[in-house]
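Working notes, beginning with the structure itself.
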Amino acid sequence: MAQLAASQVAVTVPVGSDLSTRRSVFKTHSISFHDKSWAPSLSLDLKTKNAWLRNRHIICQSVQQASVPKVNVSPLNLEDAKEPPLNIHKPKEPYTATIVSVERIVGPKAPGETCHIVIDHGGNVPYWEGQSYGIIPPGENPKKPGSPHNVRLYSIASTRYGDTFDGKTASFCVRRAVYYDPETGKEDPSKNGVCSNFLCNSKPGDKVRVTGPSGKIMLLPEDNPNATHIMIATGTGIAPYRGYLRRMFMESVPTFKFNGLAWLFLGVANSDSLLYDDEFKKYLKDYPDNFRYDLALSREQKSKSGGKMYVQDKIEEYSDEIFKMLDTGAHIYFCGLKGMMPGIQETLKKVADQRGENWEEKLSQLKKNKQWHVEVY
Ligand code: FAD
């Protein structure tokens, strides 16, 4: 590896990008909707950027490799705090943020729509990775005339620095809630989800009322930079992990030098439904010893028993490794739709039985040790 220090970015150039030895296998695919927000040039002024590009060219010539950019972030005061910020803005006094961008991030064959949304909070609603914001959609609550809508929670999908690396934005991964009449199979827009549609339809410059931040369950424990983190997501449950992974692999944070293992399991319908896949593939290439990435594509892959491939089937495939990791202190996280948990719990119990272990006891120990983190909705 060769390293180049620029005034604002640290650039590492890896040798050997052959992914054929990768432990995790997934189908290649192409999606035309990319989130390029991680591009390091975002934090550079033009002069620095040009110098960096020139230098990068020289380095690439000498080692014939792509660069591995880590973005230097200016530590926010938040790095020194012992506790995460909580409920700075309550529903009665929400903060009015501004929409920066709304981007559809799934391909045409994905069932449903998922958007990556960046909002500008001006540094007024600071948060830690794994927390959520509340959003109050505009309009009146139909159940309480004269009152605003109830708050809807959304996991934050960026690090505390935001996709802009300046601590002034937060990102969300929002799935548009659409209602189909079970009898006719036709969409009924009058019953579509209020907040998710408001967010996915919004335009840059629109105002959005936010509350929070909230949540402590999904915070990333940083006391041991060599720890193992097993992250299990279905759909938009990927949001907190995108934040963790950017903190681990994309940002150069002086107070957190991750050198452990992050293992991501993502369950979605098909390859067009993959979320932030470009970012994750880049980490695989750049940090093959620190990142693993496994996919369960329910409509494209078959499980061992010949059924649809769900995330619990992938967990079962690697259960020996996962159990060993848990026994040596790994953290395990679950995020996404509520419906994911029963199947996963069943699989974990089955594996424990096969290993002659008592799952209930193991689970209560994991909870006691604060290794078990669940946020499903
Ligand atoms: P609502 O208006 O609340 O409607 C809910 C559902 O009911 C919709 O599916 C709607 O189509 C249906 N519906 C509406 N009217 C009728 C009717 N008359 N008859 C039958 N059905 C009807 N979501 C994400 O997308 N991304 C996240 O990262 C995320 N993180 C979350 C984190 C937490 C901690 C929690 C608790 C939830 C999270 N959610 C997330 C879910 C989110 O809070 C909302 O619940 C979701 O977006 C739906 O809200 P909505 O206002 O669009 O739908």
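Including glycine, each Cβ sits where the backbone N, Cα and C put it.
Within K144, K308, K367, the residue that TrEMBL lists together with S155, R175, T236, S298, R299, G336, L337, E375 for binding NADP(+) is K308. Checking the binding-site residues S155, T236, R299, G336 against ligand 1, the ones with a C-beta less than 6 Å from an atom of that molecule are S155, T236. In sequence order, S155, G215, I217, M218, G237, P240, Y333, F334, C335 are the residues of the chain that are 6 or more apart from E375 (NADP(+) binding site) and have a CB within less than 8 Å of its CB.
Residues S155, R175, T236, S298, R299, K308, G336, L337, E375 are recorded as binding NADP(+); their most distant pair of Cα atoms lies 27 Å apart. Within 10 Å of the Cβ of T236 (NADP(+) binding site) there are 22 other Cβ atoms, across all protein chains.
Counting Cβ atoms from all protein chains shown, R299 (NADP(+) binding site) has 14 others lying within 10 Å of its own Cβ. In this structure, the binding-site residues S155, G336 were compared by how many other Cβ atoms lie within 10 Å of their Cβ, and the smallest count belongs to G336.
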